[in-house]
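Step one of this worksheet: look at the structure below.
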Amino acid sequence: MEHYLSLFVKSIFIENMALSFFLGMCTFLAVSKKVSTAFGLGIAVIVVLGIAVPANQIVYENILKDGALVEGVDLTFLNFITFIGVIAALVQILEMILDKFFPALYSALGIFLPLITVNCAIFGAVSFMVQREYNFAESVVYGIGAGTGWMLAIVALAGITEKMKYSDVPAGLKGLGITFISAGLMALGFMSFSGIKL
């Protein structure tokens, strides 16, 4: 149990997808204007990562890994296309669920919901799972933890961006400029976790 807890904390703070690896920056910067929208997208990312990482772990271990199907047959060259296909299918299912049961959130997320399919944070988490050879339980914990870390980062940036509306930001830095500076300062804060070994 301690191993899974340390993996969860490590994936949130020490190896934060957005602020340590700088993955998923397109949606991270574009949807971080309102806390409510950022929170909704963060929940969607947690759900997708919490399902996509273990689903791809099952596919990798039982189909793609060297000798999984037939002795001597290595299908790892199909990793990228297979992982993207699984992620795309999961995002389509999530999109249909949000459209049916949460139409306000669905319309608020707009084009960024289908973009989760090609969000490099999702694919990065799946790639890290393969590289680090996580088992099924570890992949579930890692997927949920990585999604939680990404959500924590985007909600924090959205909160800062909302507060910046009431600040006297220089004209040359308004908009994306101050967002980059804020994200950079947040990343510096998260660097303080990098020396922690769990």
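Note: Cβ is positioned from N, Cα and C throughout, glycine not excepted.
Residues annotated as transmembrane segment in Swiss-Prot: 11-31 (among others).
Annotation source Swiss-Prot lists transmembrane segment at 35-55 (among others), citing sequence analysis. Packing against the transmembrane segment (35-55) from elsewhere in the chain are residues 24, 27, 86-87, 90-91, 94, 98, 102, 105, 108-109, 112-113, 116, 119, 121-122, 125-126, 129, 134, 136, 139-140, 142-144, 146-148, 150-152, 154-155, 157-159, 162: each is 6 or more residues past its ends and has a CB under 8 Å from a CB in it.
Summarising the annotation, Swiss-Prot assigns transmembrane segment to 77-97 (among others) and lists sequence analysis as the type of evidence. Counting same-chain residues at least six beyond the ends of the transmembrane segment (77-97), those with a Cβ under 8 angstroms from any Cβ of the stretch are 44, 47-48, 51-52, 55-56, 59-60, 63-64, 106, 113-114, 116-118, 122-123, 126-127, 130.
Feature annotation from Swiss-Prot assigns transmembrane segment to 110-130 (among others); the stated evidence is sequence analysis. Remote same-chain partners of the transmembrane segment (110-130), defined as residues 6 or more beyond its termini with a Cβ less than 8 Å from a stretch Cβ, comprise 17-18, 21, 23-24, 26-28, 30-31, 41, 44-45, 48-49, 52-53, 56-57, 60, 79, 83-84, 87-88, 91-92, 94-95, 98, 138-139, 142-143, 146-147, 150.
Positions annotated as transmembrane segment by Swiss-Prot, on the basis of sequence analysis: 140-160 (among others). Nonlocal intrachain contacts for the transmembrane segment (140-160), taken as residues 6+ away from its ends with a CB within less than 8 angstroms of a stretch CB, comprise 4, 7-13, 15-19, 24, 27-28, 31-35, 37-39, 41-43, 45-54, 121, 125, 128-129, 134, 179, 182-183, 186, 190.
Per Swiss-Prot, the feature transmembrane segment maps to 176-196 (among others). Below 8 angstroms of C-beta separation, residues 13-14, 16, 18-20, 22, 28-29, 32, 153, 156-157, 160-161, 164, 169 of the same chain, each at least six residues beyond the ends of the transmembrane segment (176-196), sit close to that stretch.
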